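Chemist: Take this structure, written in structure tokens, and hold onto it; I'll ask about it next.
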Amino acid sequence: MLCQYYEQVVQSRNDTGLQLIERNEEVCVFHEKINVQATITQQGIAKLAEKEEEVQFLKMELARLQREIKINRDQLPEKEELERELTLHQNMLLSTKESLKCLEEEMCDARNPERVRLLAGKDPSCKELRERVQKLQDQLSEREHQLLEKELLMEQIQRLLGRTQKKVEARKETTFQVGTKGNHYQSKLRELTKKIRSNISELSVQQVRREKEKGERKTYSKL
């Protein structure tokens, strides 16, 4: 009976030793997984910081463009004033052409005693009026072109900012998932460590029992 009990103790010790080896292997695997997850987490945090810096830069650029657009829009009354002035000069040009046509007809009529009349002051010539109109048209076209460029650039920046913010949100979600997995692995590692310590304690108790039984067997053999 004592031999049978001894064999059971030895078998139990062997089983516990195998379990201890398996748990150690599992601990190694979990350590590797935790290291991998930690590396991925660090990379995700670095990428997230990079994207946040990019978003911050784009926000500053967007604010600058918005200020420029506001300035251009504040100058819109000046544009309207130029348009009114352009319309006025165009009307003046048309009126001058009509007056010129009437004067030409009067001058061509030799029977008209008032075909020659000296006028006080100086009227702008058609060339001067055309130059003024052309200058106003050029100024108006330049202002419209600048405003259009700013609006297109603002739309492009807003689209880029939207895509970058989506990437940042995705990075945040991935980092959160990696952190959750790391916590799960750490919890399992703590559980395995407790089991291993329990198995080691049990193995120590069994070894003490074995030594005690060996001593008892020696005592019985002497009897």
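In case you wondered, yes, glycine gets a Cβ from its N, Cα and C as well.
Heads up, here are the entries from TrEMBL:
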type   : residues : note
COILED : 48-99    : coiled coil
COILED : 126-153  : coiled coil
DOMAIN : 6-71     : domain 'Cilia- and flagella-associated protein 58 central coiled coil'
Chemist: Mind checking which residues reach the coiled coil (126-153)? Cβ under 8 Å, same chain, six or more beyond either end.
Modeler: 65, 68-69, 72-73, 75, 79, 82-83, 85-86, 89-90, 92-93, 96-97, 100
Chemist: Determine how many residues of the domain 'Cilia- and flagella-associated protein 58 central coiled coil' (6-71) DSSP places in helix, in strand and in coil.
Modeler: 66 helix, 0 strand, 0 coil
